[in-house]
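> Before anything else, here's the structure in question.
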Amino acid sequence: MKQAFNQRIRSALNQRKQAGLNRSRRVVSQGNQATLVVDGKSYLNFSGNDYLGLASSKELMEAWQEGLSLYGSGSGASPLVTGYSKPHANLESQLAEWLGFDCAILFNSGFSANQAVLFSLLEKGDTLLQDKLNHASLMEAGMLSPAVMKRFKHNDVGHLKSLLKRSSDEPTLVVTEGVFSMDGDLSPLADIATLTKENDAWLMVDDAHGCGVLGSNGKGCCDVHSITPDILIVTFGKGFGLSGAAVLCNQECGDYLSQFARHHVYSTAMPPAQAHALSHALLMIQQQEWRRDKLKELNQQFESELMNFVGAEKTPTPIKPIIIGEATDAMILADSLKERGLWTTAIRPPTVPVSSARIRVTLSANHSSADISALTQAINELG
């Protein structure tokens, strides 16, 4: 019986390789700016999520170093023991005030924040309605939760409306993303918020890719659509240039999560130095509008220079998908771009649907106009 696990592992790996969908990790020796270095070769990096360029900011690094000198390197315990310190409390308070919620609860990752909410909130007899293209963390939690999960067609308000009518007698949670990570498009949040209110359902929005980048002072997609969901997830690995996440909600829900969200209760709290640095990142997001302005300029340039390229999708975000179709063709293009010193990532099934493999280009405020032109020229020539 011990061999069953080995056989299962080998079979799964072989199937993935035979389908041309095997993934591998590459050691990046330098890579938190517009360029990265792999195996001694330098590339322009169009695969990261550091949209505002904060990950390489000297100002933010100094804030983290200041936090280390003040609070040490680790929290030493979970939040409900002795791991919750002044920097954590300050960051939660600042986030709640900025985004217009009663409270914020910190988590070590967006994945754990999403799963913690769904696992702790949903019970047998509840209905969970999710956009078909929601993140894997949300889908996995939904499938493993005791609730009945149904998926509505991507950004299809009409389909969501019909599902809400069928679940009107059960407690219902609707979950969508603000910006969809593989397509770079926005959710119709205003319409969805109206529907959930009309049907007495709760709305949860994962704004991992919108917070810091979109909206007034970087407040994200909910600000763009002038809504306040019941639960908002923000993450710190994209616009904030660091890592971690927070759940924003009303005070009663926050108290509930502090008691029953196991990812929060039973995990060592993020280092207080990290929370200190995140508070400074928040200040930079609020005050340094030039970063978002530059992203908009680069976005316009990218779309203009690829306007005749079939498969290049226009989006209002720094996520620019180029739909290729077959996974092997996407890999060929990505490899050809690497030969020219341009690092892009081929996104293949199961991350995206079959026959929709793509090159996922992401832009950063660290990029220059010349960087964008180098990429678009290569894509136009190779495509």
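Any Cβ shown, glycine's included, is placed from N, Cα and C.
Look at Swiss-Prot and you will find ARG23, HIS135, THR351 tagged as substrate binding site, backed by sequence analysis. Under the heading pyridoxal 5'-phosphate binding site, Swiss-Prot lists GLY110, PHE111, SER181, HIS209, THR235. Summarising the annotation, Swiss-Prot assigns N6-(pyridoxal phosphate)lysine to LYS238 and lists sequence analysis as the type of evidence.
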> Would you mind listing, in sequence order, the residues at least six apart from GLY110 (pyridoxal 5'-phosphate binding site) in the same chain with a Cβ closer than 8 Å to its Cβ?
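Long-range Cβ contacts: HIS135, SER137, ASP206, ALA208, ILE233, THR235, GLY237, ALA245.
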> So if I measure Cβ to Cβ from SER181 (pyridoxal 5'-phosphate binding site) and keep only same-chain residues at least 6 apart in sequence, which ones fall under 8 Å?
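In sequence order, HIS135, ALA208, HIS209, ILE319 meet the Cβ cut-off.
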> Suppose the pyridoxal 5'-phosphate site is GLY110, PHE111, SER181, HIS209, THR235. Which further residues of the same chain have a Cβ inside 8 angstroms of that site's Cβ centroid?
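For the pyridoxal 5'-phosphate site the neighbour list reads HIS135, SER137, ASP206, ALA208, ILE233, GLY237, LYS238, ALA245.
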> Out of the recorded positions ARG23, LYS238, THR351, give me the one sitting nearest to PHE111 (pyridoxal 5'-phosphate binding site) by CA distance.
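Closest by Cα: LYS238.
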> Where does the residue listed as 'N6-(pyridoxal phosphate)lysine' sit by DSSP, helix, strand or coil?
coil
> Whole-number Å distance between the CA of LYS238 (N6-(pyridoxal phosphate)lysine) and the CA of THR351 (substrate binding site)?
19
> Looking only at THR235, THR351, which of these binding-site residues has the biggest number of Cβ atoms within 10 Å around its Cβ?
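Within the set of binding-site residues, the most crowded position is THR235.
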> By a 10 A CB contact count over all chains shown, which of the binding-site residues listed here is most packed: ARG23, HIS209?
HIS209
> Among the recorded positions listed here, HIS135, LYS238, which has the most company in the form of other Cβ atoms within 10 Å of its Cβ?
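Counting Cβ neighbours within 10 Å, the top one is LYS238.
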> CB neighbours of PHE111 (pyridoxal 5'-phosphate binding site) within 10 A?
19
> Work out the three-state DSSP category of GLY110 (pyridoxal 5'-phosphate binding site).
helix
